[in-house]
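Feature list (source: TrEMBL):
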BINDING   H297, H346, H411, H591  Fe cation binding site
Amino acid sequence: MQASHLNFFTTTLPNPKHKALPRFRAQYPSFTCKILINPSKKLNIPRIPLPPPSAPRPPLSPPELEPMVKPERALIEPKYPVHLNPLQKLAALTCDQIENLLIMPLEKHHDLPKTVDPAVQITGNFAPVQECSVQHGLEVVGQIPACLRGVYARNGANPMFAPSAGHHLFDGDGMIHAVSLGPGNEASYSCRYTRTSKLVQESRFGRPMFPKPIGELHGHLGLARLALFMARARVGLVDGSHGTGVANAGLIYFNGRLLAMSEDDLPYHVKINGDADLETVSRFNFDDQIDCPLIAHPKLDPVTGALHTLNYNVLKKPYLKYLKFDKFGKKSRDVNVPIEQATMIHDFAITENFVVIPDHQMVFKLSEMIRGGSPVVYDKKKTSRFGILQQNDVDGSRIQWIDVPNCFCFHLWNAWEENNGDKTVVVLGSCMTPPDSVFNESEDPFRSELSEIRLNLRTGESTQRVIISGLNLEAGQVNRKFQGRKTRFAYLAIAEPWPKCSGIAKVDLETGEVTKFMYGACRFGGEPFFVPEKGNKFGGNGNNYEEDEGYVMGIVRDEKREISELVILKALNMEQVATIKLPRRVPYGFHGTFVSQEELNQQVI
């Protein structure tokens, strides 16, 4: 990686205003990553006493990154924490020498595909930024709607340290960007890392210590990196028992907590404090009710308040579990879903009575690493299918699988039930081709087409139709008050030129009409988020307001003028009503949510 790509990474001394995170006891590692999942039952980050060190060790505080108000400095030299004993320091030096003199020179002889090349994945507005404390009094053009009182939070990957080898966009450390919207057209902004166990440990050394699940864990060199991590864990340099995840993908507000998640770990509880700043509270195990990672896209039922989610394991059966929490956060059951092969399940859907689970062609074959390949494989011989599981099922035995050939939906936008003679489940998703576009280079052009999949529960047959052809639509929302119920409108990012997004499309699912809002020349954004105008009321049949009564918002980067903005549109006509000038560059990211002022007032401390 050229030196010009390293100057986005920096760390500084801890800031005393942040609550110190606890120390870690060295243990043999158990991995909870996108490739290997075997979490420890020790779920919180407890204060565990260390063996007596050679010198007193000050409490560890998460690193505070300077606001980006001056040129960013290059990656600092690795440092060994003072609590390490002489044997550990010798082991650390030995591991570093093995990495620097053996593994890294071999890696440099391998040409990296674009999907894991740092020079592609983290440059331009995909490059990471430093943390930013709360900046108040932002410039607002137009009028912030009165109903938007709260905080728009968006997650994304923001690696703290320059990668030494391959790096996929999904590998970066989680950073949340928060825009607070208040009365009187007031707005503020902040961004903070989510203090994961991985991030806190690496910050002690000032360098990457955990292998990157997608960018590094493939082939023989991936096995070497895995062995190196295990060696460091054996001598107490790192600890994988508290998770290895990055919490960089999904965000959801549930039962008084904002949860940051990626499918390689448990969620992390992040508090939005009274000053609209962000603070990582802890790794969250739902009050000791779970000991497994959860996928990044849980579903919140707007009627019952229940949270539905999945866990997948790539090492052993059961490869897949369905979990459900009531509106108070109490887990009702774990249901083992019978699948015969470890499968990547990034998203799923719910209806009023069912859980809709995709079983697609992206599978895990760890043996491919021994053969020199990637453990994430596109299995062309496998037929994609959807499983329809009753939400009240206790063991998964009654799940009904329906084949849907040539279908790979990385994201599902909604699903609902219809009764027109036959019981039918309708699924709305964006079908991606080639299915491995996110992970591998391909000569075939990228396509992500909004599609309707109909699953006939009586006949066991499926139909599939493209709703909008010739337009790549990825990352978006429906009105969340209609989650699991029939929807007419979807708000999706126009993923052109992929992987950038040039605008937002409001799609009328009944007529096929598309209303576009284009950002303009050299302006790109990400996932749009829909906020209902009457956000505390379910918008189902019988209520007196329209499904598209609300606002759509998203963060946009003007690459020519080097300005980042929060754009707010009126959903009815997709016309802009306000823009908020953000004081820092905001990289392109993943998923977000809106936390209302009422929800902020009900946060669990």
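Heads up, residue numbers simply count up from 1 along the chain you see.
Placement of Cβ uses the backbone N, Cα and C atoms for every residue, glycine included.
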Taking the Cβ of H591 (Fe cation binding site) as the centre, count every other Cβ atom within 10 Å, in any protein chain shown.
23
Take the Cβ of H346 (Fe cation binding site) and count every other Cβ within 10 Å, whichever protein chain it belongs to.
20
For H297 (Fe cation binding site), write down the residues of its own chain that are at least 6 apart in sequence and whose Cβ falls under 8 Å from its Cβ; none is a fine answer.
G250, H346, D347, F348, H411, H591
What count of other C-beta atoms do you get within 10 angstroms of the C-beta of H411 (Fe cation binding site), across all chains shown?
21
